[in-house]
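Chemist: Before anything else, here's the structure in question.
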Amino acid sequence: MAAADELKFQEFDDAANLLAANPDATTISIDEPVEIPKKQHSRLQESRREEDDELLGTDDSDKTELLAGQKKSAPFWTFEYYQTFFDVDTYQVLDRIKGSVFPVPGKNFVRLYIRSNPDLYGPFWICATLVFTIAVSGNLSNFFIHLGKPTYHYVPEFRKVSIAATAIYAYAWLVPLALWGFLMWRNSKVMNIVSYSFLEIVCVYGYSLFIYIPTAILWIIPQKVVRWVLMVFSLGLSGTVLVMTFWPAVRDDNRRIALATVVTIVLLHALMSVGCLAYFFDAPELDFPAPIIPVHNSTTVVTKS
C-alpha cells in the first residue's frame with residue numbers, strides 16, 4: 001500500500017517552474033471567472049442578432065443565403081430527389097397558408113415561412129384545388145343565373161376544368177420562372193439584390209393563390225357587385241404578400257426598374273384574378289333559342305256518308 005504521505009494533497013509548484021518545460025502553455029485561475037474579450041463577445045451578440053433577424057424576417061439586409069435545408073445529393077432522375085420537395089408536415093403547410101392569408105407588415109414571407117424548408121406539396125395541391133373549385137363554381141354559377149328560364153337547358157361544361165388548369169398552372173410556374181430569371185440577371189449587375197431560388201418563388205406564388213379558393217366558392221352568388229368586391233379583397237391580400245416579398249429583392253436596383261418590376265408583378269396577378277372572374281363567372285348571357293318540338297304528320301280520313 002502507498003504511504004500516508006503519498007496520499008496527501010500536494011500543492012503545485014510555482015507557475016514559473018511548471019511552465020519552464022512548456023513556455024507556450026496558458027494558465028487559468030479557478031478562483032477568477034473566465035472573461036471573454038469584449039470584441040469577441042460583441043461579435044457573438046451580433047451574429048446571434050443576425051440569426052434571429054433572419055429567422056423572424058426582420059433583417060432588412062439584402063445579403064441572403066441560398067436555399068437552406070434543400071438536399072440534392074440524389075440524382076435528379078431518382079424518386080428520392082423529388083421526394084425532398086414534398087418533405088413537409090401539416091403544421092408547416094397550415095402555418096404558411098395562414099401567413100399568405102394574413103400578411104404581417106414588415107415581415108418577409110420567404111424568410112419567415114419558406115426558407116427553412118421550401119416545398120412543392122402546398123403549391124401543387126393549392127393549384128389543383130383552385131382549378132376544380134373554379135370549374136365547379138363556374139358551372140354552378142351559370143346554372144343559378146339561368147335557373148327558371150324555360151328556354152335554358154343545363155349542360156355541364158367539362159372543358160372549364162382543362163382551361164382553368166392551363167391558366168392556373170401556367171401562371172403559378174411560368175411567372176415565377178420569368179421572375180427568377182429576371183432577378184438572377186439583375187443580381188449579376190447589382191450586387192445588393194436579394195437572391196431567391198426558383199423553388200422559393202414558386203412557393204410564394206403557390207401559397208398566395210390559396211385565398212382564391214374560398215373566394216371562388218363565394219363567386220357562386222349571382223351578384224356582380226358582390227363578386228367584384230370579393231375579387232378586389234382577395235387581390236389585395238395576395239398582392240400584398242407578393243409585394244412585401246419581392247420589394248426587398250429589387251429596392252436597391254434602379255428606382256424605375258424596381259417600381260416597374262413590382263407593378264408588373266401586381267398587374268399579372270390582377271390579370272389572372274380578373275380573367276378567372278370574367279371568363280368563368282361573368283360570361284355574357286346567351287339568348288337560348290326556344291326548343292323545337294317536332295310535329296308528327298297525321299293523316300285525316302274523310303268518309304262519305
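Counting begins at 1 with the first residue displayed.
Cβ atoms are placed via backbone N, Cα and C, with glycine included.
Copied straight from TrEMBL:
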type	residues	note
COMPBIAS	35-50	compositional bias 'Basic and acidic residues'
DOMAIN	101-273	domain 'Yip1'
REGION	30-61	region 'Disordered'
TRANSMEM	120-141	transmembrane segment
TRANSMEM	161-185	transmembrane segment
TRANSMEM	197-222	transmembrane segment
TRANSMEM	228-250	transmembrane segment
TRANSMEM	257-281	transmembrane segment
Chemist: Test of understanding: applying the rule of at least three C-beta pairs under 8 Å (pairs 6 or more apart in sequence), is the transmembrane segment (228-250) touching the transmembrane segment (120-141)?
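Modeler: Contact absent: fewer than 3 Cβ pairs fall under 8 Å.
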Chemist: Hey, which bits of the same chain come close to the transmembrane segment (257-281), Cβ under 8 Å, at least six residues off its ends?
Modeler: 134-135, 137-138, 141, 160, 163-164, 167-168, 171, 175, 179, 182, 186, 208, 212, 216, 219, 227-228, 231, 234-235, 238-239, 242-243, 246-247, 250-251
Chemist: In the same chain, who gets a Cβ under 8 Å from the transmembrane segment (197-222) while lying at least 6 residues past its ends?
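Modeler: Contacts of the transmembrane segment (197-222) (Cβ under 8 Å, skipping residues fewer than 6 from its ends): 66-67, 70, 85, 96-97, 99-101, 109-110, 114-115, 118-120, 122-124, 126-127, 129-130, 133-134, 137, 140-141, 144-145, 168, 171-173, 175-177, 179-180, 230-231, 233-234, 237-238, 241-242, 245-246, 269, 273, 276-277, 280-281.
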